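Peer 1: For reference, the structure I am asking about is given below.
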């Protein structure tokens, strides 16, 4: 209403040809199966955010989706559906729209290659531009969209009843008296409806942030604006940042929207709010958004983002297997994926959860998808964890596929040529694939075999009997393992072995020999001998996987296993839950590389650290965390019904060693998801900050049943910024909620 071109301006794309193309739209062939291909008309709606489609026959059968829910647009027959249901000759006309969360891909065919390219490039451009909007612009965009929805008769005016509808749309329930008071305040013309500037006045009233006024007023005393020195004072005193006048000038230059104020080197209240919403000023330390840790340590000195049953989209009894599941996990930064491989028909190995009704995918298709998406989010190495149930013949096929598809990116021999004594670093392994699986022999044996090749003919004759014995042993070993040599030889740094206790591992296992532990067994080791586990992990890799009883693909807490130095703590990426949120919080930092360096006290083989007994040592750095939960903005509805309004509360949790685990919650605010305020203070003791994580969760309070999840954000304790900070919120699937957030004050103090 009254918003012609507003959305295009908000998107910064007014007059853009890509935007114009999508607003016009066109016909595309939607593909569901080899027999179901139907024409649908697609176009971008005027809000420049919602894609609308209808079937040609029935206008009733129209559907929409938001561009904010799209994770990628892929050219060609890249999706499983298009590869299965279309011919190669239409390759150039095909494209897929991938969604966040568990929503199925949209597979489409354009009428020509040029048109397909146009759709893909236009969608990618508009989605990228939306991603570059700051939170204030997204809020403005969302509010104007809700205003349009509330304007039922589309007369670009807002009556009092439309105003109430609008407030419900933005998640605020008000009584008639308050709605009337707001209306009268804005209806300067006394016409009985709001239009033009009156709607702008209403918008300003609505988005006014009193808490920001108070903070800004404290530092903008002299002129009603913040001078560069005022801004430096704020940054040093409140935000605990080492700021200079040059920093202040940069902030004003970058964030001040008023050209007059910018010319005078002043920061207005709008400019201050724009800055406070910028990622560099939010709760996550901006330096930690990039790779900031030493990546030249041995591979086993890092926590590694890891997935279990990566091929599954849902549960592990009847759920579908899909190459898309690998794509999604890799795009989320996962660096260790699992492949459960079984004999398939036509000599082609397949992946599925054995002895269940889960569907099957070809091993070679999974390897192709992994190759394509492995290094989109992170350049650091990907470990392929093979659960190999194949016959020797099909293992040969597996080895052939990996060799031909992954090529030189596959590590098939130790780096540097000689027998290694330690793992290479993630830096040395950039862009590489490692295979985790069984080997026919020790890695040392392959070098011993090379040495044997240098013996003289006389030695050869003398050693004939010994060689026969060796051959017999090799045959026995091969028979016992039923392992193809070609596949065995691909296992270099991650040889799977049975665990027979820490003492046995110390004496008999080489550094590259690693064990996998069932979740309950690993938890028992943590409780009984955490320090031994930590020392074991200084030298070797450990992989943990969920208990077999978790047939619903539920997860377990990775925190106790990280506390014991376990690197590959594999979770079901396909399952949204608190444990997955905490996992993603751990790997939110260091450039989302999927590798996080373990603290120094977990990389020392003589370490005395025990997360349970917590004796004195360099790990003890007692701090107090003070959190003031001030307010929230634009919380989404949990239930999409028009009349459903959230009653939000905020829960603050600390994860880490047992002594640090704590949680506290605010009271709930009734009927306000738009701008609830709490101003409640909490204090936490944190003893081992290098292992601690902090989680902020918003819930919809329900006195009759369990609270509903609204949004959350988890990050490492040591990545918290102090002072007044906005906290972005992520939805159930771990994707950002575009305009939603919390506003907090955070202080971390050392305890003497």
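Each Cβ is built from the backbone N, Cα and C atoms, and glycine gets one as well.
Pulled these from TrEMBL:
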type     : residues                  : note
BINDING  : 30-57, 436, 438, 516, 543 : substrate binding site
DOMAIN   : 138-173                   : domain 'EF-hand'
DOMAIN   : 174-209                   : domain 'EF-hand'
CARBOHYD : 189                       : O-linked glycosylation site
BINDING  : 309, 338, 340, 387        : Ca(2+) 3 binding site
REGION   : 454-477                   : region 'Disordered'
DOMAIN   : 487-603                   : domain 'PI-PLC Y-box'
BINDING  : 645, 647, 671             : Ca(2+) 4 binding site
BINDING  : 700, 702                  : Ca(2+) 5 binding site
Peer 1: 338, 340, 702: which of these binding-site residues has the sparsest Cβ neighbourhood within 10 Å?
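Peer 2: Comparing Cβ neighbours within 10 Å for the binding-site residues 338, 340, 702, 702 has the fewest.
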Peer 1: Could you tell me how many residues in the domain 'PI-PLC Y-box' (487-603) are helical, how many are strand and how many are coil under DSSP?
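Peer 2: So the counts come to 50 helix, 20 strand, 47 coil.
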Peer 1: Within 10 Å of residue 645 (Ca(2+) 4 binding site) (Cα to Cα), which of the binding-site residues 30, 54, 338, 387 do you find?
Peer 2: none
Peer 1: Let me know the most crowded of the recorded positions, choosing from 189, 671 and counting other Cβ atoms within 10 Å.
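Peer 2: Result of the Cβ crowding comparison: 671.
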Peer 1: Using the Cβ centroid of 309, 338, 340, 387 as the reference point for the Ca(2+) 3 site, which residues of the same chain not in that list have Cβ within 8 Å?
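Peer 2: Going along the sequence, the neighbours come out as 308, 310, 311, 339, 351, 353, 385.
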Peer 1: Can you tell which of the binding-site residues 34, 38, 46, 54, 340 lies nearest to residue 671 (Ca(2+) 4 binding site) in space, using Cα positions?
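Peer 2: That would be 46, nearest by Cα distance.
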Peer 1: So what sits near residue 50 (substrate binding site) in its own chain, CB-to-CB under 8 Å and at least six residues off in sequence?
Peer 2: 44, 64, 65, 66, 67
Peer 1: Give the number of CB atoms, excluding that of residue 645 (Ca(2+) 4 binding site) itself, located within 10 Å of its CB.
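Peer 2: A 10 Å sphere around the Cβ of residue 645 (Ca(2+) 4 binding site) contains 24 other Cβ atoms.
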Peer 1: Measuring CA to CA, name the entry from the binding-site residues 30, 34, 46, 387, 436 that ends up nearest residue 647 (Ca(2+) 4 binding site).
Peer 2: 46
Peer 1: List, in sequence order, the same-chain residues at least six positions removed whose CB sits under 8 Å from that of residue 436 (substrate binding site)?
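Peer 2: Result: 336, 383, 384, 385, 386, 491, 494, 495, 496, 514, 543.
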Peer 1: What's the CA to CA span in angstrom from residue 309 (Ca(2+) 3 binding site) over to residue 189 (O-linked glycosylation site)?
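Peer 2: With the alpha carbons as reference points, the distance is 64 Å.
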Peer 1: Between the Cα atoms of residue 700 (Ca(2+) 5 binding site) and residue 34 (substrate binding site), what distance do you get, rounded to the nearest Å?
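Peer 2: Rounded to a whole number, the Cα-Cα distance is 44 Å.
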Peer 1: Work out, from DSSP, the number of helix, strand and coil residues along the domain 'EF-hand' (174-209).
Peer 2: 22 helix, 1 strand, 13 coil
Peer 1: Does anything in the same chain, at least 6 positions from residue 34 (substrate binding site), have a Cβ under 8 Å from its Cβ, and if so what?
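Peer 2: Expected: 84, 85, 86.
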Peer 1: What Cα-Cα separation, expressed in whole Å, is found between residue 702 (Ca(2+) 5 binding site) and residue 46 (substrate binding site)?
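Peer 2: Their Cα atoms are separated by 37 Å.
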